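Asks: I'd like to ask you about the structure that follows.
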Amino acid sequence: MAVIQFQDVTKVYPLPAGDVVALDGVSLDIDSGEFVSIMGPSGSGKSTLLNIMGSLDVPTSGDVYISGSRIGVMNDDELTLLRRDHIGFIFQHFNLIPLLSAVENVEYPMILRGRKTEARKRAVEVLAAVGLEESLYTHKPNELSGGQQQRVAIARALVNEPDFLLCDEPTGNLDTKTGTGIMNLLSRMNDGGTTVIVVTHDPRMTEYSNRTISIVDGRLA
Amino acid sequence: MTFFDLARRNTERHMFRSALAIIGIVIGVVAIASMGVLGNSINLMVGDVVSDVGDTIIVSPAVGGGGIFGGGGASTGLSERQVEDIRRAIGTNRAIPVITGADRMMVGATTGGVMIYAMHAEDIPYLLEKESGAYLKETAAACMIGKGLADSWKDEGLKLGSRIRIGDETLRVVGILEERGMSFDVNPDHAIVVPHRWYSDRYETDEYDQVIVKVRNVNDIDAVKDAIDERMNRRDDVVNVMDTRRILESITSMYESVTLFLMGIGAISLLVAGVSILNVMMMSVTERTREIGVLRSIGTRRNELMRIFIYEALILGTIGAVVGGILSFGGGYLMTGVFLGDSTYLFNPTSLLYIAFGMSFGVGTSVLCGLYPAWKAAKLNPIQALRHE
Ligand SMILES: Nc1ncnc2c1ncn2[C@@H]1O[C@H](COP(=O)(O)OP(=O)(O)OP(=O)(O)O)[C@@H](O)[C@H]1O
Ligand SMILES: [Mg+2]
């Protein structure tokens, strides 16, 4: 079953100097349980593609279905709820909320869904699954290493049991060894059934995935 | 962990900045509340001190006396004939002509100045309450004394039955008057009241300084005033006709405008405080742009994000208002103490209302000034916010 469906998708950024076509007739399906790498040179449209998959943005033309919903016709609140309930985000810069401790960061998406009472138990469970030491649960993000922060971020992305994880260069800010640990973790999550989509510059990362989508100048290659 | 916690933690993260914003609100609230309390206390005090119930009309000679051509030589009092005219104008209401004078008096071996009110003996019970002793008889060489005078001359032996010497005449104290407070007609608390006949004999005068008209039905005040005015001032302004309620009203309204003005100054300072909240929150939004992008991308809706920021303003405003409320209690205590010499009015419900008003104004201003930054935050495009460094 396809969790993401692009049908002849075009994204145009209108600029004073002329329109920039960031995506040009992209069609693709990503099925549940896949581990997909997206590769391409700088400026080729990877982030644009990922933003639309994450329903942070909508296409200029063509149809996009995310978890069965056609995002082109949705308003801001509907898109936000789609992200909250169906998509897990993992960023290059970890992007934890600095005011919240590790475990609170993981609880946050559950609290957004109104599942406050079970939040702590579930957050601890997921943090254990991503391999964060228990003594670090109450640490603030600035008291954690990059690798630890990214583990917390992965736990936060997983806590609401999303249909898929979107990872924009998840190892871009980590050293090789830590990066490998994170990729192994994502791989293990994928083995457990989680759909994973990773944007990367690093060809070695494609080893973890079972499919690589290449994009050049906004077109799939 | 709730949106409120997030807001609280952010104010704690920037302690110094939050403290500054709070201080602004505190100053504003204190200004509004203590100004309000001060003004209100003045108002209450005027209301307390001035005892007139509003059934009184005071007729006095017009200033300058005798109209345009009257000039210096004209008499400055009201004659017996004019008093008769007033009596005719007011129908069954009572006219009480009064002479006001002053002289030196001697009690035992002590002398001092004293105010003297001369009235017809039969009028006195209609104007003044007696505390002890008896009212005057028109033919007696006797007087009644004010409560204040009795108290302050107690050590000199002034009491019921004492003798007061004025010049070479002696007056016996037959009654002591009840304390009356400040008033627009007569203020006998520190004066003596004597029969009209005794006074006119001794001082050789047949004119009165004022005629106090007690109106039986308060609703008739305006009609009675008009009647006096019509009869007495047909050609020239011979007399002034005032009613105490109008005087009281104009004094009260004057103090109300003073209160309003003082509170306006407070409001301006609160406005400045509001701007500082706005500034702090705008800084917060700018600094947290990326965090806002993260919150939005992981599923925080616009109105939820707005709530976080409005809570922040609410926290700053509430702390400022509470601290300000407490301080304005102290400030009000000080101000009323210093300016009025009496702080009890602070505990009057209306004074407390001014403090509550200042506090809610503080919270309101804060939230209002937090709205724009909150809206700004909610309007941010999550993709652009995420890219923000
Ligand atoms: N908000 C925007 N407004 C205008 N043009 C944009 C915007 N975002 C992206 N673009 C343009 O769209 C094209 C694709 O950009 P995109 O960010 O998707 O590339 P990318 O593959 O992610 O690059 P990189 O590897 O450097 O991150 C680029 O030419 C970029 O300049
Ligand atoms: Mg990119």
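Even glycines carry a Cβ here, placed using N, Cα and C.
Pulled the feature table from TrEMBL, pasting it below:
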type: DOMAIN; residues: B:18-230; note: domain 'MacB-like periplasmic core'
type: TRANSMEM; residues: B:20-39; note: transmembrane segment
type: TRANSMEM; residues: B:260-281; note: transmembrane segment
type: DOMAIN; residues: B:265-382; note: domain 'ABC3 transporter permease C-terminal'
type: TRANSMEM; residues: B:308-331; note: transmembrane segment
type: TRANSMEM; residues: B:351-375; note: transmembrane segment
Asks: Other than its close neighbours in sequence, what residues sit by the transmembrane segment (B:308-331), given a CB gap under 8 Å and a spacing of at least six beyond its ends?
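Replies: Tertiary neighbours of the transmembrane segment (B:308-331) are 3-4, 6-8, 10-11, 18, 21-30, 32-34, 37, 273, 277, 280-281, 284-285, 295, 346, 355-356, 358-360, 362-367, 369-371, 373-374, 377-378.
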Asks: Who are the long-range neighbours of the transmembrane segment (B:20-39) in its own chain, taking Cβ under 8 Å and residues 6 or more past its ends?
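Replies: Same-chain residues near the transmembrane segment (B:20-39) but 6 or more away: 255-256, 258-260, 262-263, 265-267, 269-274, 276-277, 280, 316-317, 319-321, 323-325, 327-328, 331-332, 335-336, 339-340, 345-346, 351, 354-355, 357-359, 361-362, 365-366.
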Asks: Could you tell me what the rest of the chain brings near the transmembrane segment (B:260-281), counting residues at least six beyond its ends with Cβ under 8 Å?
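Replies: For the transmembrane segment (B:260-281), the list is 14, 17-18, 20-21, 24-25, 27-36, 38-39, 309, 312-313, 316-317, 320, 354, 358, 361-362, 365-366, 368-370, 372-374.
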Asks: Taking all residues of the domain 'MacB-like periplasmic core' (B:18-230) together, what is their mean pLDDT?
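Replies: Mean model confidence (pLDDT) across the domain 'MacB-like periplasmic core' (B:18-230) is 87.
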Asks: Summarise the domain 'ABC3 transporter permease C-terminal' (B:265-382) by DSSP state, stating how many residues are helix, strand and coil.
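Replies: So the counts come to 107 helix, 0 strand, 11 coil.
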